[in-house]
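Asker: Residues or ranges marked as substrate binding site in TrEMBL: E202. Summarising the annotation, TrEMBL assigns domain 'GCVT N-terminal' to 18-266. Feature annotation from TrEMBL assigns domain 'Aminomethyltransferase C-terminal' to 282-352.
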Amino acid sequence: MTALARSNRIRRTWWTDAVDRAGCTAYTVYNRMMLPASFAGTDVDAAHLKRAVQVWDVAVERQVEITGPDADTLMQRLTPRDLSQLQPNQCAYVPICNHDGGMLNDPVALKPRPDTWWVSLADGELRLWIAGMAEAGGYGVQVFEADVQPLAIQGPLSDELAARVFGEEVRKLKFFRHDRFAFNGTEMIISRTGYSKQGGFEIYVEREADAMPLWNALFAAGADLDVRAGCPNLVERIEGGMLSYGNDMTDLDTPFEVGLDKYVQVYDCIGGPALKAHVSNRRLMAVEMAGPLPTCDRLWPIMLGEERIGVVTSSAWSQEFGCGVAIGSVDRRWGAGEDVVVQTQDGPKAAHLREKFWR
Ligand code: THG
């Protein structure tokens, strides 16, 4: 394996020094910023995430701020998800589509204040798209990347750790809700969200001066909980069927082709007419694979006899389930139960299409 060459072009976060010191062994680049990808190895990291609690530097979840009197109108123009019933303290997972209905991003959106949205981006260029739409449509808003850096707490002991640092009230936060909690003489927005199925919170840190004090407070408070530095975990997220923009979907996929049907309710939006007319002929499925598996850094054809019926978009070896776990984009004519062959760069692997993910 070769190293990632660092430079100014690949932005550091407020915690990069601490993440290095904590033993990060691999980074990836996400929104032109450093995202830790491994500490003790994906398997060891996953096992620890499932039993204890981790602190994740997810500053790469960039917040595009849309602020002004037309912020709500523009936001509803940008997504086919119906935002009209959303509570002020609610987060929403929102597909964002181009005019063909193709997925441009799958962010979490929330309102830190009235007339202000934060669009918490997956990897992509969405700020330019939003700024362009605001300008072209003459919306009364400002659009910019806010200097907010999220830190996630994930794992079954997340509530205990968060309560020790932010107080018992944080336990009452419901899934995909946010609120403000005191820390270090300031208030921080915390949501019960995060890119794992193990539960936890995300803290939207707005001042660099609070970043290391928060990191240090979490590690001091969680010593007896075996708190460790961690990161979004490849195998855990595939076991849970959590999607990764750029891997499991691109602008060549509509929400219907990547299992996001339930977030398409409004057609009077960018991409709405295309989505209304759209007939999708493939969908994402769980794929169980025989190992050993090489790194999935290209699309792997899924073969049923001589016919190519889809591609594997992400995969990893699962120690917990004793098999390769994968996400595949498969022709709708074929469904769960099919025995298939996946062509990896290391040769063919026996595989099986499943109805459900592993958790
Ligand atoms: N949190 C925040 N911002 C983010 C992510 C996050 N930005 C980047 C990336 N992750 C965006 N993509 C996702 C993908 C899945 C989920 C959240 C963001 C997610 N999915 C739930 C699941 O699959 O179980 C379902 C959510 C729902 O149905 O409402 O949480 O993690 N701030």
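Placement of Cβ uses the backbone N, Cα and C atoms for every residue, glycine included.
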Asker: List every residue in the same chain as E202 (substrate binding site), at least 6 positions away in sequence, whose Cβ is under 8 Å from its Cβ.
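Answerer: In sequence order, the residues whose Cβ lies under 8 Å from that of E202 (substrate binding site) (at least 6 apart) are V58, E61, P150, L151, A152, I153, I190, S191, T193, G194.
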Asker: Looking only at the domain 'Aminomethyltransferase C-terminal' (282-352), how are its residues distributed among DSSP helix, strand and coil?
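Answerer: The domain 'Aminomethyltransferase C-terminal' (282-352) comes out at 0 helix, 46 strand, 25 coil.
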Asker: For E202 (substrate binding site), what is the secondary structure state per DSSP, taken as helix, strand or coil?
Answerer: strand
Asker: Return the average pLDDT for the domain 'Aminomethyltransferase C-terminal' (282-352) as a whole number.
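Answerer: It averages 98.
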